[in-house]
Amino acid sequence: MNDIDISDSENVYTAGRAGHIRSFVLRQGRVSNAQQRYYTEMMARIGIPYANAPLDFDAVFGRSAPRILEIGFGMGETSATIAEANPHQDYIGVEVHTPGVGSLCKLIAEKSLANLRIVQHDAVEVLRDMIPEGCLDGVHIFFPDPWPKARHHKRRLIQSPLVATLARRLKPGGYLHCATDWENYAEQMLAVLADEPSLQNTASGFAPRPDYRPLTKFEQRGLRLGHGVWDVIFRRR
Ligand SMILES: C[S@@+](CC[C@H](N)C(=O)[O-])C[C@H]1O[C@@H](n2cnc3c(N)ncnc32)[C@H](O)[C@@H]1O
(Lines of atoms letter the chains of each structure in order from A and count residues from 1; the text may use other names and numbers.)
(Lines give C-alpha, C1' and ligand atoms only; values in the text may rest on other atoms or scores of the structure.)
Protein backbone atom coordinates (compact mmCIF):
# COMPACT_ATOMS: atom_id res chain seq x y z
CA MET A 1 0.00 0.00 0.00
CA ASN A 2 1.19 3.56 -0.68
CA ASP A 3 2.12 5.67 2.30
CA ILE A 4 -0.92 7.36 3.80
CA ASP A 5 -0.38 10.81 5.26
CA ILE A 6 -2.01 10.28 8.64
CA SER A 7 -1.79 13.94 9.57
CA ASP A 8 -4.88 14.32 7.34
CA SER A 9 -7.97 14.04 9.52
CA GLU A 10 -9.76 12.11 6.73
CA ASN A 11 -8.10 9.32 4.80
CA VAL A 12 -8.90 6.00 3.18
CA TYR A 13 -9.83 4.44 6.52
CA THR A 14 -11.97 7.28 7.85
CA ALA A 15 -13.71 8.58 4.73
CA GLY A 16 -17.51 8.60 4.68
CA ARG A 17 -20.51 10.78 5.45
CA ALA A 18 -22.73 10.41 8.48
CA GLY A 19 -26.50 10.59 8.38
CA HIS A 20 -26.60 10.93 12.17
CA ILE A 21 -25.24 13.17 14.93
CA ARG A 22 -21.64 12.17 15.47
CA SER A 23 -20.26 11.48 18.93
CA PHE A 24 -16.86 12.90 17.96
CA VAL A 25 -15.22 15.81 16.21
CA LEU A 26 -12.27 14.80 14.07
CA ARG A 27 -9.43 16.93 15.29
CA GLN A 28 -5.99 17.41 13.91
CA GLY A 29 -3.62 15.87 16.42
CA ARG A 30 0.15 15.88 16.44
CA VAL A 31 1.29 12.70 14.77
CA SER A 32 4.73 11.46 15.78
CA ASN A 33 7.06 9.88 13.24
CA ALA A 34 6.69 6.55 15.03
CA GLN A 35 2.88 6.73 14.89
CA GLN A 36 3.08 7.54 11.17
CA ARG A 37 5.47 4.67 10.51
CA TYR A 38 3.55 2.08 12.54
CA TYR A 39 0.24 3.28 11.13
CA THR A 40 1.35 2.74 7.56
CA GLU A 41 3.00 -0.59 8.25
CA MET A 42 0.46 -2.08 10.64
CA MET A 43 -2.90 -0.86 9.26
CA ALA A 44 -2.07 -2.69 6.04
CA ARG A 45 -1.82 -5.88 8.15
CA ILE A 46 -4.26 -5.53 11.03
CA GLY A 47 -6.56 -2.70 9.87
CA ILE A 48 -10.04 -3.71 8.78
CA PRO A 49 -11.39 -1.16 6.29
CA TYR A 50 -14.97 -0.06 6.90
CA ALA A 51 -17.40 -1.84 4.57
CA ASN A 52 -21.16 -2.10 4.40
CA ALA A 53 -20.92 -5.87 4.76
CA PRO A 54 -20.96 -8.23 7.76
CA LEU A 55 -17.58 -9.06 9.20
CA ASP A 56 -16.53 -12.71 9.32
CA PHE A 57 -14.71 -12.80 12.67
CA ASP A 58 -13.42 -16.35 12.23
CA ALA A 59 -11.87 -15.40 8.90
CA VAL A 60 -10.37 -12.18 10.32
CA PHE A 61 -8.65 -13.94 13.25
CA GLY A 62 -8.19 -17.37 11.66
CA ARG A 63 -9.92 -19.02 14.60
CA SER A 64 -13.15 -19.08 16.58
CA ALA A 65 -12.73 -17.40 19.98
CA PRO A 66 -14.72 -15.09 22.27
CA ARG A 67 -15.05 -11.67 20.61
CA ILE A 68 -14.92 -8.33 22.34
CA LEU A 69 -15.58 -5.01 20.60
CA GLU A 70 -14.13 -1.79 22.01
CA ILE A 71 -15.53 1.59 21.01
CA GLY A 72 -13.25 4.65 21.23
CA PHE A 73 -9.93 3.21 22.41
CA GLY A 74 -8.15 6.60 22.46
CA MET A 75 -4.39 5.96 22.48
CA GLY A 76 -5.01 2.23 22.95
CA GLU A 77 -3.00 1.54 26.15
CA THR A 78 -5.95 -0.17 27.86
CA SER A 79 -6.85 -2.13 24.71
CA ALA A 80 -3.31 -3.45 24.31
CA THR A 81 -3.03 -4.35 28.01
CA ILE A 82 -6.33 -6.25 27.95
CA ALA A 83 -5.56 -8.09 24.69
CA GLU A 84 -2.11 -9.07 25.96
CA ALA A 85 -3.56 -10.44 29.22
CA ASN A 86 -6.29 -12.42 27.41
CA PRO A 87 -4.70 -14.17 24.42
CA HIS A 88 -7.62 -16.65 24.27
CA GLN A 89 -10.01 -13.81 23.31
CA ASP A 90 -10.18 -11.72 20.14
CA TYR A 91 -10.56 -7.94 20.19
CA ILE A 92 -11.69 -5.38 17.64
CA GLY A 93 -10.97 -1.78 18.55
CA VAL A 94 -12.88 1.00 16.80
CA GLU A 95 -11.51 4.55 16.87
CA VAL A 96 -11.62 7.57 14.60
CA HIS A 97 -8.69 9.58 15.95
CA THR A 98 -5.69 8.94 13.71
CA PRO A 99 -2.84 9.56 16.21
CA GLY A 100 -4.59 7.12 18.58
CA VAL A 101 -4.79 4.51 15.84
CA GLY A 102 -1.06 5.03 15.14
CA SER A 103 -0.33 4.67 18.84
CA LEU A 104 -2.24 1.36 19.14
CA CYS A 105 -0.57 0.10 15.94
CA LYS A 106 2.78 0.69 17.66
CA LEU A 107 1.67 -1.21 20.79
CA ILE A 108 0.35 -4.13 18.72
CA ALA A 109 3.68 -4.35 16.88
CA GLU A 110 5.80 -4.03 20.04
CA LYS A 111 3.77 -6.62 21.95
CA SER A 112 3.29 -8.89 18.86
CA LEU A 113 -0.44 -9.07 19.57
CA ALA A 114 -2.24 -11.49 17.26
CA ASN A 115 -5.68 -11.04 18.84
CA LEU A 116 -6.34 -7.34 18.25
CA ARG A 117 -7.56 -5.66 15.06
CA ILE A 118 -8.50 -2.06 14.32
CA VAL A 119 -11.36 -0.47 12.42
CA GLN A 120 -10.83 3.27 11.97
CA HIS A 121 -14.33 4.52 11.43
CA ASP A 122 -17.42 5.83 13.23
CA ALA A 123 -18.40 3.00 15.58
CA VAL A 124 -22.10 3.78 15.06
CA GLU A 125 -21.73 2.81 11.41
CA VAL A 126 -19.41 -0.10 12.14
CA LEU A 127 -22.01 -1.55 14.50
CA ARG A 128 -24.86 -0.95 12.10
CA ASP A 129 -23.16 -2.28 8.99
CA MET A 130 -20.37 -4.70 9.96
CA ILE A 131 -21.26 -6.44 13.21
CA PRO A 132 -23.80 -9.25 12.84
CA GLU A 133 -26.51 -9.73 15.44
CA GLY A 134 -25.79 -12.09 18.35
CA CYS A 135 -22.08 -12.39 17.62
CA LEU A 136 -20.26 -10.50 20.42
CA ASP A 137 -19.25 -11.82 23.83
CA GLY A 138 -18.55 -8.34 25.16
CA VAL A 139 -18.42 -4.63 24.42
CA HIS A 140 -16.09 -2.13 26.12
CA ILE A 141 -16.80 1.60 26.10
CA PHE A 142 -14.32 3.19 28.48
CA PHE A 143 -14.44 6.92 29.22
CA PRO A 144 -16.47 7.95 26.16
CA ASP A 145 -16.40 11.69 25.42
CA PRO A 146 -18.59 13.19 28.16
CA TRP A 147 -19.93 16.15 26.16
CA PRO A 148 -20.54 18.02 29.42
CA LYS A 149 -22.61 20.93 28.07
CA ALA A 150 -26.33 20.17 28.09
CA ARG A 151 -26.71 21.32 24.48
CA HIS A 152 -24.10 18.71 23.46
CA HIS A 153 -25.66 15.78 25.33
CA LYS A 154 -27.18 14.65 22.03
CA ARG A 155 -23.63 13.74 20.96
CA ARG A 156 -23.14 11.29 23.82
CA LEU A 157 -22.66 7.72 22.64
CA ILE A 158 -24.67 6.03 25.36
CA GLN A 159 -28.24 6.68 24.31
CA SER A 160 -31.18 4.32 23.84
CA PRO A 161 -30.97 3.69 20.07
CA LEU A 162 -27.25 2.81 20.19
CA VAL A 163 -27.70 0.68 23.31
CA ALA A 164 -30.53 -1.25 21.60
CA THR A 165 -28.24 -1.84 18.61
CA LEU A 166 -25.40 -2.91 20.89
CA ALA A 167 -27.65 -5.28 22.85
CA ARG A 168 -28.74 -7.01 19.64
CA ARG A 169 -25.09 -7.54 18.64
CA LEU A 170 -24.39 -9.37 21.91
CA LYS A 171 -24.80 -13.11 22.35
CA PRO A 172 -27.19 -14.09 25.15
CA GLY A 173 -25.03 -13.72 28.28
CA GLY A 174 -22.66 -11.30 26.52
CA TYR A 175 -21.78 -8.12 28.44
CA LEU A 176 -21.79 -4.38 27.82
CA HIS A 177 -19.26 -2.57 30.01
CA CYS A 178 -19.18 1.24 30.16
CA ALA A 179 -17.00 3.34 32.44
CA THR A 180 -16.88 7.08 32.99
CA ASP A 181 -15.53 9.68 35.39
CA TRP A 182 -18.48 12.04 34.81
CA GLU A 183 -21.12 11.41 37.44
CA ASN A 184 -23.95 12.83 35.37
CA TYR A 185 -22.98 10.62 32.38
CA ALA A 186 -22.64 7.61 34.72
CA GLU A 187 -26.21 8.15 35.85
CA GLN A 188 -27.33 8.44 32.22
CA MET A 189 -25.51 5.17 31.40
CA LEU A 190 -27.18 3.37 34.28
CA ALA A 191 -30.63 4.69 33.34
CA VAL A 192 -30.33 3.98 29.62
CA LEU A 193 -28.98 0.45 30.07
CA ALA A 194 -31.61 -0.32 32.73
CA ASP A 195 -34.29 0.83 30.26
CA GLU A 196 -33.18 -1.66 27.60
CA PRO A 197 -35.42 -4.70 28.18
CA SER A 198 -32.96 -7.23 26.72
CA LEU A 199 -30.23 -6.22 29.22
CA GLN A 200 -29.84 -7.10 32.89
CA ASN A 201 -27.58 -5.36 35.42
CA THR A 202 -24.76 -7.53 36.78
CA ALA A 203 -24.73 -5.43 39.98
CA SER A 204 -27.27 -3.52 41.99
CA GLY A 205 -26.49 -0.13 40.48
CA PHE A 206 -22.86 0.63 39.62
CA ALA A 207 -20.47 -2.31 39.39
CA PRO A 208 -17.06 -2.69 41.02
CA ARG A 209 -14.22 -2.28 38.49
CA PRO A 210 -13.47 -5.78 37.20
CA ASP A 211 -9.80 -6.87 37.26
CA TYR A 212 -9.62 -6.99 33.46
CA ARG A 213 -10.04 -3.20 33.18
CA PRO A 214 -6.67 -1.72 34.15
CA LEU A 215 -6.52 1.61 35.97
CA THR A 216 -5.24 4.25 33.57
CA LYS A 217 -2.71 6.89 34.73
CA PHE A 218 -5.36 9.53 34.17
CA GLU A 219 -7.81 7.58 36.32
CA GLN A 220 -5.24 7.00 39.09
CA ARG A 221 -4.57 10.71 39.19
CA GLY A 222 -8.30 11.48 39.30
CA LEU A 223 -8.87 9.00 42.11
CA ARG A 224 -6.01 10.59 44.11
CA LEU A 225 -7.74 13.94 43.67
CA GLY A 226 -10.94 12.43 45.00
CA HIS A 227 -12.75 12.18 41.64
CA GLY A 228 -15.07 9.25 41.11
CA VAL A 229 -15.09 6.58 38.40
CA TRP A 230 -18.19 4.55 37.70
CA ASP A 231 -18.43 1.18 35.94
CA VAL A 232 -21.74 0.02 34.50
CA ILE A 233 -21.90 -3.63 33.41
CA PHE A 234 -25.01 -5.26 32.00
CA ARG A 235 -25.52 -8.67 30.35
CA ARG A 236 -27.84 -9.63 27.56
CA ARG A 237 -30.63 -11.87 28.85
C1 LIG B 1 -12.35 10.49 25.96
S2 LIG B 1 -11.61 9.40 24.83
C3 LIG B 1 -11.33 7.94 25.79
C4 LIG B 1 -10.31 7.04 25.19
C5 LIG B 1 -10.04 5.72 25.93
N6 LIG B 1 -11.18 4.83 25.90
C7 LIG B 1 -9.57 5.94 27.34
O8 LIG B 1 -10.18 5.40 28.26
O9 LIG B 1 -8.58 6.65 27.54
C10 LIG B 1 -12.97 8.90 23.78
C11 LIG B 1 -12.53 8.37 22.43
O12 LIG B 1 -13.64 7.88 21.72
C13 LIG B 1 -13.47 8.17 20.34
N14 LIG B 1 -14.79 8.16 19.72
C15 LIG B 1 -15.84 8.96 20.03
N16 LIG B 1 -16.90 8.66 19.29
C17 LIG B 1 -16.52 7.64 18.48
C18 LIG B 1 -17.19 6.90 17.46
N19 LIG B 1 -18.48 7.15 17.15
N20 LIG B 1 -16.52 5.95 16.82
C21 LIG B 1 -15.22 5.69 17.13
N22 LIG B 1 -14.53 6.35 18.08
C23 LIG B 1 -15.18 7.32 18.75
C24 LIG B 1 -12.77 9.52 20.34
O25 LIG B 1 -12.06 9.74 19.15
C26 LIG B 1 -11.85 9.41 21.57
O27 LIG B 1 -10.58 8.94 21.20
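Every residue gets a Cβ built from N, Cα and C, even glycine.
Remember, TrEMBL labels are computer predictions, not curated facts.
These features come from TrEMBL:
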- Glu70, Glu95, Asp122, Asp145: S-adenosyl-L-methionine binding site (BINDING)
- Lys149, Asp181, Thr216, Lys217, Phe218, Glu219: substrate binding site (BINDING)
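Recorded features from TrEMBL, shown on the structure.
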residue	record	CB count, 10 Å
Glu70	S-adenosyl-L-methionine binding site	26
Glu95	S-adenosyl-L-methionine binding site	25
Asp122	S-adenosyl-L-methionine binding site	22
Asp145	S-adenosyl-L-methionine binding site	17
Lys149	substrate binding site	8
Asp181	substrate binding site	17
Thr216	substrate binding site	19
Lys217	substrate binding site	8
Phe218	substrate binding site	13
Glu219	substrate binding site	19
Annotated binding-site residues Asp122, Lys149, Asp181, Lys217, Glu219, filtered by Cβ under 6 Å to ligand 1: Asp122
Coarse DSSP state, helix versus strand versus coil, of Asp145 (S-adenosyl-L-methionine binding site): coil
